[in-house]
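This report refers to the structure that appears directly beneath it.
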There are 2 protein chains.
Amino acid sequence: MMHLHEVLNLMFWDSRTGAPQKGLAMRAEVIGTISAKKFAMSVSPEMKDYLEALTAEGSEAYLSPITREVVASVKKEFDRNAKIPQAEFKAYTIVKANAGKAWEAAKSASDFAMFQPHLEQLVSYNKRFSEYWSDQGHPYDALLDVHDPGMTVEQLDDVFAKLKARLIPLLSRVKQEKTVADTSFLFKRFPIAVQKELHHFLLQELGYDFQGGRLDETVHPFAIPINRNDVRITTRFVEDDFKSGLFGTIHECGHAFYELNIAEELIGTPLCCGASAGIHESQSLFWEKLIGRSQAFWHRYYPQLAAHNKEQFTGIEKTAFYRAIHAVQPSFIRIEADELTYPLHVILRYELEKALFADELKVADLPGAWREKMAEYLGITPPDDRAGILQDMHWSAGMFGHFPSYALGYLYAAQFRHAMIRELGPIDPLVENGDFAPIRAWLARNIHIHGKRKTPHELLLDVTGEPLNPDHLINYLEKKYQAIYQLDSFE
Amino acid sequence: MMHLHEVLNLMFWDSRTGAPQKGLAMRAEVIGTISAKKFAMSVSPEMKDYLEALTAEGSEAYLSPITREVVASVKKEFDRNAKIPQAEFKAYTIVKANAGKAWEAAKSASDFAMFQPHLEQLVSYNKRFSEYWSDQGHPYDALLDVHDPGMTVEQLDDVFAKLKARLIPLLSRVKQEKTVADTSFLFKRFPIAVQKELHHFLLQELGYDFQGGRLDETVHPFAIPINRNDVRITTRFVEDDFKSGLFGTIHECGHAFYELNIAEELIGTPLCCGASAGIHESQSLFWEKLIGRSQAFWHRYYPQLAAHNKEQFTGIEKTAFYRAIHAVQPSFIRIEADELTYPLHVILRYELEKALFADELKVADLPGAWREKMAEYLGITPPDDRAGILQDMHWSAGMFGHFPSYALGYLYAAQFRHAMIRELGPIDPLVENGDFAPIRAWLARNIHIHGKRKTPHELLLDVTGEPLNPDHLINYLEKKYQAIYQLDSFE
């Protein structure tokens, strides 16, 4: 099954990095065959027999600790899949395929009504699935557990409430600031061939090993493990917005570091992957935001950046550059949001999903609820469905419970950073010297090496000594933006 | 099985075009898993049942003509595989793996003795296989049949004798010529980025569709069908020998045209491939040699070539260029041989293989026999084993019966060209105008579209009206070299 996984990932990578257009229809069939085969193996009678034998009373004594964990992990997936009646799962696959197409058409026409019946079906299937999976707690908990094992509405409500309580006031103070950074110079022409050179240079500085990976171009950047020793990243190059690709590359490099440092003893097991979507995101955001957007980083690398495109950066001071890349501007589109508003975009989606699955909100009422929350959190209202409720593809693919990972990743990253500094001392001097090895090593030995052996909660406890605590992110953001905008002290 | 075939080809392509080094060991395991799975399916009891049912008396009436041919093709492979005892096949796989490593070491040390015991084993396994497969004709026939269905020692002896009888005298006349073309300018610096541009330009001129393929770089050029609508080619770029990559690219383009033009109704069947190794080679050689090395081709494209690298070609006349790329120089290495000496390299290997399998030659006596034949056919004697008997990897991989394809391809190509001209009229004017569409269309409708539905012999009869006839190649070469070297007329 892990070998089929490598095959699937390679086909995914190839399909997006340059497979000839005309071959993609046949490629899709091959992906279908191999995915179906892998799924069939995961729920086969043979697998059932294995699991029964391996979890029978007394059998534990014969298994190594890792094998026990592998069995538990496979059993969890087996139980989850086996609980859905086969006919229902098949019907759901078709509903999803149609929903994907309907969402594309609806987004293009900016008309939620075209997508609504599909979304209603998707929600209703996922409601039933969550009932099959669990009869305890909030109906949304079972969906959260798929993406971040152990996460619950109860925890998220608490954490997100604290985030909102301090981010929204911070945001409104920032918005009142009169000194608006000049960002116009960021959007000048930066030849793509030179951007490529710069990305390769920075990846090598960060410690990405091109003997164990490669950088390619795609419409949306991603990182993908082909196997434990071959983790590839992709980026996009926008000629008049170099930031877009640059921070994308650093982000994906963070994902790649994770997969490249999982303990070798986990190779070939389903534990040879990240602990959860949220923990994975913590690694990419750590590098993209906490390192790649730090003053220390640009203290060292701004001269290098400027040297790669003199026309663009001559006469621009390092500080002006740093302020420009931190300009805060509430916007409609999540993936274009700045560091400060981004978590609010995610919380909005979380609250809507939670309400849907608790039957407190109807699909038909989503667009209205969306507009209200945008106004409340960000002070803006989307002009249409395309810039509002139809912007993300997740729901059309039946991905409910996944959005929180994007905010969790940020929270985890800040909490890990706090623990790292406690252990290593201030990391800014390391970054200023381009000495990333101790940082990489800390992340590898505390987080990466464990693969999926620990839940996010266990990782947090073991690494930071406390459960999820939003104060770390809030303190980090307050301190950072206070310095940038020279705000008065906060209450 | 065809889907697994796509997966295997993609992994092969990826492993050679830029997969990170460190991931290749795990990749090899995945390739092993998928290959083994595909092989197991091909000889499974299930396959046996299918074949019995589909070939049972009376069942033919229910099958479409194509399905009947598919069944026959699958049955042929099934019978071939099933005749080898499983344990023997497994042992042979190990022998091959060891032989590959031993050949590499032996070649590097230029010491045949290190490879000899492995080669003896490989020959003895293949002798037994050929006995399992057939008890009729020459023992080498069964091996020839694997690579060129229907080909026999009897036919090849006759054809190669005719070739030798006229090529060897032609070669010795050419060697006596006093006017030796200046070739030194061919080996000047040609920046690789500009070579790439040139290759893309020429591929587009020839009609290679980048929506259905792509060009990458590898150590050895190849063409590979990922699927019927995605056939990729690779080349190598040598900075001070632009010819190497250029003719390589045109060669692989010829292979790609074949796979891209097989009838759509054959997609998903084992007939969706070339008729044989020899027929495939006829398509690549047709484009590389009969088109790409023609005077008409360079009449049109020499100015384009020269414009891509003015420093190299300024002051060099078109005719001088044409003569230079046709300089004949007997050399030790087959893959570096010119048009005229190449078939003799192949015939040499054929004669040695045939003698081995007829028990007329011992493996231990191969190096001596090699030297004798090199002296007889080419007038030179290799200084060591590396430049002689150890140069090719084929034997180390157990590939016996494959070498003749390289000469057959050339013979087929010339015979097809003769038929094409009979039907279309002279093709030089088309080439001079860069009007390759009628040539591509002729090859597609006469050869490509049939995939593996016809044997090479059937194809030759249907397309050219006669069985394999070496006169076409001989006449072509005599005429061409007579013009280049202004030789006296031949007897």
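Every residue gets a Cβ built from N, Cα and C, even glycine.
Heads up, TrEMBL stuff is auto-annotated, nobody curated it.
According to TrEMBL, the residue from B:E205, B:E217, B:E239, B:E281 that belongs to the Zn(2+) site alongside B:H251, B:H255 is B:E281. Proximity of B:H251 (Zn(2+) binding site) to non-local residues of its own chain (separation of 6 or more, Cβ distance below 8 Å) is seen for B:P221, B:S284, B:L285, B:W287, B:E288, B:G292, given in sequence order.
Those residues of the chain, other than B:H251, B:H255, B:E281, with a C-beta within 8 angstroms of the mean position of the Zn(2+) site C-beta atoms are B:A223, B:E252, B:G254, B:H280, B:Q283, B:S284, B:L285, B:W287, B:E288, B:G409. Taken residue by residue with DSSP, B:H251 (Zn(2+) binding site) is part of a helix.
In the three-state DSSP reading, B:E281 (Zn(2+) binding site) counts as helix.
Here the Cα atom of B:E281 (Zn(2+) binding site) is found 9 Å from that of B:E252 (active site, proton donor/acceptor).
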